[in-house]
Protein chains: 2
Amino acid sequence: MSSTTQKTGFGLGNLPYGIFSTVDDTRCRIGIAVETYVLDLSVFLQQQPVQNLDFDSSVLRDETLNRYAALGQPVHQHVRAHLQQTLPRLLKQDETGLRAAGLCPRSEVLNHLPFDIGDYTDFFTSPDHARRCGEIFRPGQPMGSNFSSMPLAYHGRSSSIVVSGTDVYRPSGQYLKDGVKTFGPSQKLDFELELGVFVGKPSQRGKPIAIDEADDHIFGYVLMNDWSARDIQQFEAQPLGPFNGKNFCTTDDLPCYLKRSDGRVEHVYDIPVDIFIKAPRYDGTLVMSSNTKHISFSPAQMLSHHTVGGCPMRAGDLFASGTLSGATLQEAGCLLEATWNGIQKLELVSSQGDGASEDDVRTWLKDGDTVSFCVGGAASDIDFGACEGTICSKSSSDT
Amino acid sequence: MSSTTQKTGFGLGNLPYGIFSTVDDTRCRIGIAVETYVLDLSVFLQQQPVQNLDFDSSVLRDETLNRYAALGQPVHQHVRAHLQQTLPRLLKQDETGLRAAGLCPRSEVLNHLPFDIGDYTDFFTSPDHARRCGEIFRPGQPMGSNFSSMPLAYHGRSSSIVVSGTDVYRPSGQYLKDGVKTFGPSQKLDFELELGVFVGKPSQRGKPIAIDEADDHIFGYVLMNDWSARDIQQFEAQPLGPFNGKNFCTTDDLPCYLKRSDGRVEHVYDIPVDIFIKAPRYDGTLVMSSNTKHISFSPAQMLSHHTVGGCPMRAGDLFASGTLSGATLQEAGCLLEATWNGIQKLELVSSQGDGASEDDVRTWLKDGDTVSFCVGGAASDIDFGACEGTICSKSSSDT
């Protein structure tokens, strides 16, 4: 029997969505994480119909969340309230009862990408990240006045977005090495901690989303890792922005509902996030601790700005905050800042207690390294699941 | 009875694909343009089965070309040869016979977007365009050495890509007006002539497409108009590249098969393209004439570079050449260059023969203007169909 007092970050106040399958049933289906279980939403709503809510229930049998997300906040809030009311009773059952109710242990499920992601947009809204990137990449050029006027962004690549746990292939590309043009595997592989936002209710071309309507178009939030190859990025990025330095892989996890604590459209969420690096002989070193609050524009402001010129949003479109970095290097969201473009070294803590080795230090990611983002703080009510990926020794140019 | 000698640009050497519907049958279905007709490909292949070719024929009943395109060049070439062999006989029938064979007049069809477009990438490969943009937007900053090392690109927005003939809403946004930050409808609305390329056979994450395999992954070519708001673009574009200045609308037309005349991977296509501006009192003035050859990297090189770091391609992904501009301003592919950022004026030819008026000149596009790209040259074998759009008087901020 499950204990409802067990602290998992997946309590009734969280209830993140996902797409999952199991060994016994390989269909991709919509799930809700609760405590140590995943609830099959379609099974649940068949057995426990939600009252006074009319929607096309065929969306519950889809292999992605796109059509369900498009139903909009009123439907999701209704379902959420119904789950919060019904789940405590269901969770008190024995193993057989739990399975019959559509609940299966999270340890048994395979997660899949929650959406068929149409477009992915990466914002650039952390003032400390922007300041340091400017000092490193464009020394002597002050940040333009546009940075404070609006949430700057660039379009990213959706085809390379993967679910947490998927391996990351080290990209090859062109870059300058000691000032000489070269081609080869990136020598400056990095991560970027970001807060991602999935669009639910779509908008039409030519119809901006007003700032006070933006939250109605947001389905949920994820932690994201926008893996970056700094050498490739630096050589290619002027004048058009990042391209191959960013498009080889982006990792996301489970979309959570976040409620504004103060109801203001400028609201940013205050969620501490720890960054760990694990390696074959290193159990997992906490290298930095950042926070989702390190942004100068709120998600609602980002979405409103994105559509102000008439750009249409589809359910499943994704946008992200940009790297979340705080005032100190210990609060940076990427190695570029923490190691100051490879100059400072970060030390990993060996799990084997043996002597110092050159494997102990990192300026950039090595093959075999696993990067994990986890909600920090002892008593957080929110857990996005792991946002984790391991660098594959196979370079993309070896294939 | 149709005359096979009629010159339309839609002869048997062209056979572009599209997705169409008719008033009588509103289903979106796969069509082939031939002479003055559209052939329903599914009807055709049912009546005239192609020999020695095995593929999942359910793809022919899809509402987009995605799954058909993913089948790859061997299937498309086989179908193409079969069409070229069979169509001359079919086209000799009377009206009843033509319709029974799945041929309906092009004037009766409505075109739809050919693909569910996953990702859209915009390259920047015309040396004359790059040089002039640099002189206008970044005076005193020489073009970086990256421009000659690889085809530079940025990710674009796929949700706002529309089929030819769709109205374009003038975007609003932030920009500098006489050095002062302002918000409002763009005052510098522009077009960009580009050659677009649709991906057919997909590739996997981490598996670059080798340069000599790139053509196998290309499904077809289109003319594209990457509508641009130069004031919004200029204010937002540093350091991350264009965003709202580009993502409000992009227009494409019918995917054509183009054969390399010399078989070399560096091959660029030599297709003259005329640019017309029509306005309510102006029938259509030829304002510039450019060519698809004005690029420094071939489509095969663009695709290979795009995937060299492991970025995966899906069927229906789209990439474009960037603005096609030649050496003189009469060969420019956009107003930014032709009017030198609004300084020079272009004159329209009035259809009403009345006196000179301020409506006669353009520095940027006015509401009601229609921009059309058409293959030029008297005897071209290729016709992409119209690539055309009209600026809507309704600003996106009015809604």
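Heads up, the Cβ atoms here are built off N, Cα and C, so glycines get one too.
Computed from a predicted structure; not experimentally measured.
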Annotated companion of B:Phe124, B:Arg138, B:Gln233 at the substrate site, TrEMBL, chosen from B:Thr26, B:Thr323, B:Thr328: B:Thr323
Per TrEMBL, member of B:Asp94, B:Asp167, B:Asp226, B:Asp231 binding Ca(2+) alongside B:Asp122, B:Glu192, B:Glu194: B:Asp226
C-alpha spacing of B:Asp226 (Ca(2+) binding site) relative to B:Gln233 (substrate binding site), in angstrom: 13
Additional residues around Ca(2+), ordered along the sequence, whose Cβ is within 8 Å of the centroid of B:Asp122, B:Glu192, B:Glu194, B:Asp226: B:Gly156, B:Leu193, B:Met224, B:Asn225, B:Ser228, B:Lys246, B:Thr250, B:Ala320, B:Ser321, B:Gly322, B:Thr323
Reported mean pLDDT - the domain 'Fumarylacetoacetase N-terminal' (B:14-114): 95
Candidates B:His129, B:Arg138: member of the recorded positions with the richest Cβ shell (10 Å): B:His129
Tally of residues which DSSP labels helix, strand or coil - the domain 'Fumarylacetoacetase N-terminal' (B:14-114): 44 helix, 23 strand, 34 coil
Binding-site residues, contacting chain A; criterion Cβ under 8 Å; candidates B:Glu194, B:Asp226, B:Thr323: none
Cβ contacts of B:Asp122 (Ca(2+) binding site) (under 8 Å, same chain, 6 or more positions away): B:Ala153, B:Tyr154, B:His155, B:Gly156, B:Glu194, B:Asp226, B:Lys246, B:Phe319, B:Ala320, B:Gly322
Candidate recorded positions B:Phe124, B:His129, B:Arg138, B:Thr323, pick with smallest Cα gap to B:Glu192 (Ca(2+) binding site): B:Thr323
